[in-house]
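Read through the structure below, which is laid out as structure tokens, and then see the notes.
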Amino acid sequence: MSGYMAALYENKMMSSGENLLTAIVPLMKLLSLIVIGLVLAHPKAQMIPRETFRLLSKLVFALFLPCLIFTELGESITLQNIALWWFIPVNVLVSTVIGCFLGVAVVLICRPPPQFNRFTIIMTAFGNTGNLPLAIVGSVCHTKDSPFGPHCHSKGVAYVSFAQWVAVILVYTLVYHMMEPPMQYYEIVEEGTEIEEQPVSNVSRPLLVEAEWPGIEEKETEHSKTPFIARIFHSISSLSQTTFPDIDLGERSLSSPRSIQCLAEPRVVRRIRIVVEQTPVQHILQPPTIASLLAIIIGMVPQLKAFFFGYDAPLSFVTDSLEILAGAMVPSVMLILGGMLAEGPKDSTLGLRTTIGITVARLLVLPLLGIGVVALADKLHLLVQGDAMYRFVLLLQYTTPSAILLGAIASLRGYAVKEASALLFWQHVFALFSLSLYIIIYFKLLTYI
């Protein structure tokens with residue numbers, strides 16, 4: 001009997017060790033790629049110039065990532081799967097709402113400088129739902145003893161890609177306006193003598209600004225770096241009236257024949273319309289989003305799908321070529337992340353306490369709440385039954401650091417650019433440890449939730 005118990009204990013220990021190794025090895029692979037990128041881009045070595053990493057980020061954005069999304073999502077998605085996967089985009093919204101509440105808690109507890117209150121909430125709420133989860137899924141599925149069974153990579157990439165469109169819409173609408181420069185901060189900066197804005201060269205611009213949104217300098221509009229919403233919805237001083245560029249509210253004179261014939265547009269409605277018109281929704285249709293839409297359309301129509309996917313498909317050579325290009329996505333993203341970390345943290349006025357508060361809330365507290373949300377959804381039978389990868393992707397949405405795209409939005413709005421750079425640096429450094437911890441926990445829990 002004692003021999004049997006000893007053998008059982010030994011098998012259990014071996015199984016635990018194997019599970020731990022299975023969870024750690026994928027992250028060690030990604031870490032190795034990050035270290036290579038860091039060494040290549042380190043300022044002292046300068047083996048590869050920063051401009052090369054910018055070009056690589058453009059290739060990822062315009063070619064490698066769309067190819068990966070199209071080939072994997074298009075092959076996996078069907079009308080039936082859309083009905084089964086509905087909780088994936090909903091989970092993005094749930095994680096964002098919970099993150100916003102955590103961000104408010106960080107503001108109340110850590111008390112950042114007043115001009116960074118909205119910045120603190122945004123950086124706590126919005127995580128990386130694109131490149132980093134795709135890299136983690138790719139690395140996990142590349143291991144020999146993957147716990148997710150056959151078609152691990154295809155399913156994982158399809159799940160992550162299916163959630164991206166929700167995150168993109170949130171970034172280009174809610175985040176864009178919440179990252180607006182605060183009214184008081186803008187007035188303080190602009191109150192003195194007029195200072196001509198010096199153009200920022202590609203050499204001085206941080207790599208994170210273009211890491212997930214290349215060509216951001218071309219997207220700037222007249223009101224990108226002004227408190228546009230505050231100007232419209234709040235009464236401001238006569239000084240700031242001269243400071244801001246004039247905004248045509250489109251008011252009509254009551255003496256005009258048209259205004260006599262029809263009711264005048266309410267003032268609040270007119271202001272909301274102007275804000276909607278100034279929202280850069282056109283930027284939503286970027287190459288990754290277009291690839292997602294094409295994949296969904298083709299995947300839902302069996303006749304079209306038969307042309308692109310399958311061994312006997314007439315255009316299978318096209319999808320095979322795209323798959324070859326898609327294989328470069330994960331290593332390229334990790335090399336870019338290493339290049340970003342090689343630049344080091346920028347000077348920040350956010351404060352150490354707030355930086356720690358955001359990092360702890362985003363990388364330690366939110367994943368714990370995510371486990372509860374996914375477990376509850378499973379109890380309510382909202383998830384795909386028996387699909388461990390489905391649950392793993394849902395949990396990852398709570399675990400990743402703040403989206404690198406937030407650094408690009410900060411640069412576009414001219415708000416907290418240095419703070420975003422420093423915070424993203426420290427979050428990604430700490431995420432190397434928090435992701436390792438939670439992936440081990442997730443591998444243990446996937447048999448129970």
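Each residue, glycine too, has its Cβ placed from N, Cα and C.
Curation plays no part in TrEMBL annotations; they are all automatic predictions.
Predicted, not measured: the structure shown is a model, and the values here were computed from it.
The annotation transmembrane segment is assigned in TrEMBL to 20-41 (among others).
Per TrEMBL, transmembrane segment is recorded for 53-71 (among others).
Summarising the annotation, TrEMBL assigns transmembrane segment to 83-109 (among others). Taking Cβ pairs closer than 8 Å, the transmembrane segment (83-109) reaches residues 117, 120-127, 129, 159, 162-163, 165-167, 170, 354, 357-358, 361-362, 365-366, 369-370, 373-374, 377, 382-384, 390, 393-394, 397-398 in its own chain, all 6 or more past its ends.
Among the features that TrEMBL reports, transmembrane segment is placed at 116-136 (among others). Taking Cβ pairs closer than 8 Å, the transmembrane segment (116-136) reaches residues 26-27, 30, 60, 65, 68, 92, 95-97, 99-100, 102-104, 106-107, 110, 157, 160-161, 163-164, 167, 170-171, 175, 178-180, 182, 212, 288, 329-330, 333-334, 349-350, 354, 357-358, 361-362, 366, 393, 396-406, 410, 415-416, 419-420, 423, 435, 439 in its own chain, all 6 or more past its ends.
Taken from TrEMBL, the feature transmembrane segment applies to 156-175 (among others). Same-chain residues lying 6 or more positions outside the transmembrane segment (156-175) and placing a CB less than 8 Å from one of its CB atoms are 68-69, 72-73, 75-77, 85, 88-89, 91-93, 96, 122, 126, 129-130, 133-134, 137-138, 140-141, 148, 279-281, 283-284, 286, 288-289, 292-293, 295, 389-390, 392-393, 396-397, 403, 405-406, 409.
If you look up TrEMBL, you'll see 290-310 (among others) marked as transmembrane segment.
Positions annotated as transmembrane segment by TrEMBL: 322-342 (among others).
What TrEMBL lists as transmembrane segment is 354-377 (among others).
Annotation comment: TrEMBL describes 389-410 (among others) as transmembrane segment.
The transmembrane segment annotation in TrEMBL covers 422-443 (among others).
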Find the member of 20-41, 53-71, 290-310, 422-443 that has more C-beta pairs under 8 Å to the transmembrane segment (354-377) than any other listed stretch. 422-443
Cβ pairs under 8 Å only, please: of the recorded stretches 20-41, 53-71, 389-410, which one is richest in them relative to the transmembrane segment (290-310)? 53-71
Restricting to CB pairs under 8 Å, which listed stretch, 20-41, 322-342, 422-443, is in contact most with the transmembrane segment (389-410)? 422-443
